[in-house]
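Over in Swiss-Prot, the protein carries these features:
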BINDING   Asp873, Glu875, Asp982, Asp1071  divalent metal cation binding site
COMPBIAS  1050-1061  compositional bias 'Low complexity'
COMPBIAS  1119-1133  compositional bias 'Low complexity'
COMPBIAS  1134-1144  compositional bias 'Polar residues'
COMPBIAS  1180-1191  compositional bias 'Low complexity'
COMPBIAS  1207-1216  compositional bias 'Gly residues'
DOMAIN    452-821  domain 'USP'
DOMAIN    871-1027  domain 'Exonuclease'
REGION    316-451  region 'Linker'
REGION    1035-1067  region 'Disordered'
REGION    1110-1152  region 'Disordered'
REGION    1167-1222  region 'Disordered'
REPEAT    104-143  repeat 'WD 1'
REPEAT    276-315  repeat 'WD 2'
Amino acid sequence: MEADWDEVSQVAVPPPGPHLLPTVASTVAFDDSQELLWVGNEFGRVSSFYGPELQRYTSVKAHASSEGQVRQFLFHDKGVISLSANSVHLASRCGLTQWHISHPEMTELRCMSFTAQPHKIIVAGLQSAMFIIDVEKGAIVDQLSTEYRYTIMKRSRYLCAATDTGSVNVLSLTDFSVVKSWKAHGAVINDMDARNDFLVTCGFSVRHAGSPIVDPLANVYDLKSLIPLPPIPFHAGAAFVRMHPRLQTTSFIASQTGQLQVVDLMNPNTINLRQANVAFMLGLEVSPSGEALAINDAECSIHLWGSPSKIHFNEIGKETEFSDIPTRPSMLDWSNDTPLNVIGMPYYHERLLSAWPSHLIFEIGNAPVPMDPAILPYLRPSEIGQYAQNPRKKRRYQVENTRLQSSTEVALAAPKFLSEKARELPNSKPEGAQEAVGALQGLKINGETKEDPLLKYSNVEIKYSKFGVDDFDFRYYNKTEFSGLETHIANSFTNSLLQLLKFIPLVRNLALHHVSTNCLCESCLLCEMGFLFDMLDKANGQNCQATNLLKTFSGFREAANLGLLEESLSNKSLSSAIQSVHRFFLNQIAHDYRTVYPNSDSLDNTLSTAAVESICCMFCRNEIVRPGNAFVTELIYPAADPKQAHRNQACRFSNILRSSIERETQNRGWCSTCRRYQQVSIRKTVQRMPLVLMLNAAINNSAHRRFWSIPGWLPEKIGVMIEDNQIQCYEGEQLRIRQQNNFEGLVVYELVGIVAEIDIVEQKKPHLVSFVDVSISAREPTKKSNWHLFNDFLVTGVSKEEVFSFNQGWKSPCTLAYQISTGRHGLDDSWKNELDTTLLFYEWSMNNRPPTDKCHILKSEEKPIAGTPIALDTEFVDLEKAEIEVKADGTQEMIRPSKSGLARVSVIRGSGNDEGVPFIDDYITIKDPIVDYVTQYSGIKPGDLDPRTSRHNLVALKVAYKKLWLLLNLGCVFVGHGLASDFRKINIQVPKAQTIDTQYLFFHPGKNRRLSLRYLAWAVFKEYIQEETTTTTSTSITTTTNPNIHDANTSTTTTTAITTTPPEGHDSIEDARMALRLWKKFKEYEDAGIVNQILEEIFREGVKVGFRPPARYPSQATPNPNNNNINNGVNPNGLSTPGSTNPISRLPLSGRNTPDFILPASASAAASVTGGPAGGGSSNGSMSGSTPSTPRQAFRRSTALTPSNGSFGGAKGLTFGGSPMR
């Protein structure tokens, strides 16, 4: 060890998982051919580090975590050999597995070494067998028995092996017989090394107190003469030793406290001492070159020692292979005019498959006819295949043409769009209700005389017109007061399960009480359920969407690993998927609940079946008891014939439920006493039943399915008693008798709902529905059941007989929910009085950016109360563009609308001394890819939503959402413009009584047009907002006089310069403040009784200027060929006068952040002349004269909207009676 040796680098041992803490290294070794240091941990992971800087190179899972730590490394030309307690693993240095060997008798491997043959190794341990493994073949070639239990092996002239008793056996390299044996230490040998003719050992001995201590001597042995040599004293305690690879008599000895000693075995008085900066040393390793030393400590670190100027692991090492750095593709100037051929295609030398000639296309045999699912339950095995009775659905010799697509698909026809109904039936009575009732109560198809029950179970699908989802008539599918859930969202197959959970009163109470706390965890599924349940309550039959909840669900890595997400369901049945999601939901909400209430057992009492599980070995009778709590019970069906169910009590639902809860099974498992796998019996003993009993039907075959086909098999009520640690279940007459006799301890459950899979053959695509008894969660007490079908956004009442009938092959139960009967009507709304509003009075930021000076957080004395007005405005960015299908005739159909993400929320005070001052101005961080920031309308720029670069106050979506949710439930009244669109994108439901939308305040019943906020600001206040450009005008005047001519005229030249700056987009604070001012002004008009006159004037001026503010400056106005006014409607002061037009302005006309199309100047001017009062047209005629500049404007002119939160008021929809203020 030279004088400049010191610690060169230090690296932490990689943790076993991405969210786990680092662990100590169990073994360390230098590669003998490359500049790599290999490290093994306690969980079977092997990692490598490159060079003196210890850069991470590879990391692989070589052994199972159950096998414990990695014990030792050996190096071969093919790769790295690692050893664990039960296996030997060879992987290339790049991490690819070459072979993995395990054996039943490999129970406690500890060490290995190369033999006399370089391609064979011997492995041994605390076991009676040693194995010879051929590295080239990757197989065990020999097995040797031994009476010694070895812990360490080192190869030199002989094979030196340390035993667990402190002895060292010198083994022959040919037959592995014991040549010599020494008792090196009193207890165990902790470390040893052998090189050339010397063997050095370090170990422990037992002293008088009975505990082992480190020996202060390192024993030395001569392998040539097989005699011991004088030991080397080491007063700090010799714990680790390594021989120098190039100096034959030099060794490194170290203590557990980090003291290093370099000593010459032939001259022990010549020593070199160093102290390593470690708390507790666990290992020592020397590189093959002798220039580097690796120290492993108890603080999960690896320390590399050496000379900084010339440290190398190997004298002549091979070059380490690294992954290729991919060449970045060249940047293309991509635009709408860029031809596709600039992208290019790969070089090819053969003809492409796409060039297949048409004359080589032939028709082959027809596809086989699909099996009729009606005969599947009746199949019987035979010698070859299976057989069943012919159902005789076809005539003799009649076959099915499988090439033709089935045109008899049973489906509920989509209703007409609201715009079509308003356009086609302007004066007729609304018939949409009659159409919906007829469809949902059973339409007659193909002349059938009976009602077709499949219609309401059909797949429902949202259709989109050019006006988006607002034009779809959801009320056609739902005439009830219970809201459905939309389907155009990823993982919406869980809608049926969410509806079932919502109508369980005790689960609903848990979710709402949890969300009213200060929980701000972004991935809290229980909070999202609370938000959804509250939204469904407030919707009162209007369609809702579970966007935020399903987005949170999609973000769980565990859900993706379990294959629970929609993209993983291609080869998985919906029935098994929803049952897995059911288990995941309940386990996750239990975890979320405990994060807020770690010491509360309310959720466990509600959902968890408390039980203990006893595991008994059938051989030695050793028994282990562990907790066996479960949130979901999987039904286990008996092997009895369902046909004998009426005579066999074991086939009753109550007995199947009892055996499923108190299940007793036999399986093979590990017995710690026998130390091997044995047959074990597992029995569960129930200690407490939950208030809500959640079941999975677990139908795996046709025999299970036949139990459900028995009429009346599923009971509406069940009774459960626990007597002497045994559970008893009752149903029917048995339950009724025990209820009448008031049996002590009897708990009665009633069925809340069922999730079922609907698989109608003609539809070719299964889906899920839920049946719910809504009377259980009704606020008004009632004993009569009221069953409803929830088929996504189709909601209708159904009879109890239809719910409990499962003898149809297309309906299969998946999940059931029973609730204790005393919890009926148990809706607890006390959470509304216990809202934790701390978030409203606290500055929350992800990037430590305080709110701007414009924003002032609410003070405690400003706590909102019911009726407090607040003004709201939001901005959004595009996460996905709309999917448009272009048909063969050129028509376009929207398949899926664009997907927006909330980017900014601004809320300002609507009353008080600080009226108009914002108290919320949050930018929301978005993890999803953003396809368009729509800066010209949103004001959001790239980088504004990135915590690393944003200059704004960034919060998580849940924080921004919860602030609005708190304000909603405090009773605040939201003032804004176009709030319906904002609320839909935010995914929040606000009652009409808490909404004031200036879009509907300034609505003329006979004009059929909604005015933009920008135009209203100009029409009411003559102010300009939402301007795309900032214009600066400068004027210079030059006067010239000829002095040679008396009384000469003076000429004056005026130069005007106009400078424009790029668009900055909308400011949500400015828009919210303007909406608040418009509401205040409207109240003044109401008090004065001049609302109608003002609206007439606003619309009259709007016709003149095209419902857009006129140009602010003269040079911005476009000459109108039909207008002879030399100033073109612009006064000398630069402010527009009524009647001026700007037909080619690109500013929005109406709607929220809606871009307009550019109209030709002639067309717009002609429209203004034709439609204006000068043209002699009526008000309707003037409206038709103004050409719509967007599809949404065209729709607004064809039909009127009511103030019902932005939805259409029926098929007629042509009148609007009054403002929402009245």
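Glycine is no exception: its Cβ is also placed from the backbone N, Cα and C atoms.
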Comparing the binding-site residues Asp982, Asp1071, which residue's C-beta has the most other C-beta atoms within 10 angstroms in this structure? Asp1071
Same chain, outside the repeat 'WD 1' (104-143) by at least 6, Cβ under 8 Å from its Cβ: which residues? 71-72, 74, 76, 78, 81, 83-88, 90, 98, 149-155, 159, 161, 164, 173-174, 176, 675
By DSSP assignment, list the helix, strand and coil residue numbers for the repeat 'WD 1' (104-143), in that order. 0 helix, 23 strand, 17 coil
Secondary structure content, the repeat 'WD 2' (276-315) (per DSSP, counts of residues): 0 helix, 18 strand, 22 coil
Mind looking up the mean pLDDT for the repeat 'WD 2' (276-315) in the predicted model? 91
Would you count the other C-beta atoms found within 10 angstroms of the C-beta of Glu875 (divalent metal cation binding site) for me? 27
